[in-house]
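Enquirer: This is the structure I have questions about; it appears just below.
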Amino acid sequence: MAHPMQLGFQDAASPIMEELLYFHDHTLMIVFMISSLVLYIISLMLSTELTHTSTMDAQEVETVWTILPAVILILIALPSLRILYMMDEINTPSMTLKTMGHQWYWSYEYTDYDNLCFDSYMVTTPDLEPGDLRLLEVDNRVILPTEMSIRMLISSEDVLHSWTVPALGIKTDAIPGRLNQATLMTSRPGIYYGQCSEICGSNHSFMPIVLELVPLKYFEEWLLKSL
């Protein structure tokens, strides 16, 4: 999770987030190189007394500044498209979790099991236990198994919401009347926090998301207790 004075992203806890971090570094390096080149050219123009006011045609220069941007765009577009297809690809998920956004809480339903659904509200400050995080703790955490492909079905009962867990690289809009889907898979156990990322009313900032990812053995034990 994020911590005070943090610079950069949270630690990646899913293959998708790892790919997004690599893509961010890749794109940032390209931006850095372009910025350095532009600053170098500007410094040369300001420091030299020579000017080319009589230049009427420069075919080589025009060719370079046409081809080079095209190559740069291709270098950005190809890995971006690869990640885009990875995020949309859902092959034989192990289970499905349906999420509905409300003003101002989330409700969850494990569609593979009968009568396993609950609402998840933020725990108010007076009710926090020692060690709980203010404005991030909920009364009912989502328990899921690690290292398994999970299909998320996300929608809303009222207004626009957005179900977001940064460490897992997930941000999917919850739209009334529309069912969006996303893939969730973690590489390690842990507790991951998120929040609604679409302004949805006066209590928009009080819609935390808490996922508790556990090994399959412990998930099955929790499942038996909940059913």
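Placement of Cβ uses the backbone N, Cα and C atoms for every residue, glycine included.
So Swiss-Prot has the following annotated:
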- 1-14: topological domain 'Mitochondrial intermembrane' (TOPO_DOM)
- 15-45: transmembrane segment (TRANSMEM)
- 46-59: topological domain 'Mitochondrial matrix' (TOPO_DOM)
- 60-87: transmembrane segment (TRANSMEM)
- 88-227: topological domain 'Mitochondrial intermembrane' (TOPO_DOM)
- His161, Cys196, Cys200, Met207: Cu cation A1 binding site (BINDING)
- Cys196, Glu198, Cys200, His204: Cu cation A2 binding site (BINDING)
- Glu198: Mg(2+) binding site (BINDING)
- Tyr218: phosphotyrosine (MOD_RES)
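Describe the structural context of each listed feature in the structure shown, including burial, neighbouring residues and relevant distances.
Expert: Counting residues 6+ beyond its ends, the topological domain 'Mitochondrial intermembrane' (1-14) has Cβ neighbours under 8 Å at 20-21, 24, 133, 136, 166-170, 184-188, 190-193, 213 in the same chain.
Here the transmembrane segment (15-45) has long-range neighbours at 9, 72, 75-76, 79-80, 82-83, 86-87, 166-170, 183, 185, 187, meaning same-chain residues at least 6 beyond its ends whose C-beta is under 8 angstroms from one of its own.
Counting same-chain residues at least six beyond the ends of the transmembrane segment (60-87), those with a Cβ under 8 angstroms from any Cβ of the stretch are 15-16, 19-20, 22-23, 26-27, 30, 34, 169, 182-183.
Under the DSSP three-state reduction, Cys196 (Cu cation A1 binding site) is assigned to strand.
In sequence order, Trp104, Cys196, Glu198 are the residues of the chain that are 6 or more apart from His204 (Cu cation A2 binding site) and have a CB within less than 8 Å of its CB.
When other Cβ atoms within 10 Å of the Cβ of Glu198 (Cu cation A2 binding site) are tallied across all protein chains shown, the result is 18.
Long-range Cβ proximity for Tyr218 (phosphotyrosine), meaning a same-chain Cβ under 8 A and a gap of 6 or more residues, is found for none.
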Enquirer: As a quick check of your reading of DSSP, tell me how many residues in the topological domain 'Mitochondrial intermembrane' (88-227) are helical, how many are strand and how many are coil.
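Expert: Final tally across the stretch: 21 helix, 61 strand, 58 coil.
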Enquirer: Same-chain residues six or more away whose CB lies under 8 A from the CB of His161 (Cu cation A1 binding site)?
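Expert: Expected: Gly101, Asp173, Ala174, Cys196, Glu198, Cys200, Met207.
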Enquirer: What other residues of this chain sit with their CB within 8 A of the center of the CB atoms of His161, Cys196, Cys200, Met207, the recorded Cu cation A1 site?
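Expert: Surrounding the site, in chain order, are Gly101, Gln103, Trp104, Trp106, Ser162, Ala174, Gln195, Ser197, Glu198, Gly201, His204.
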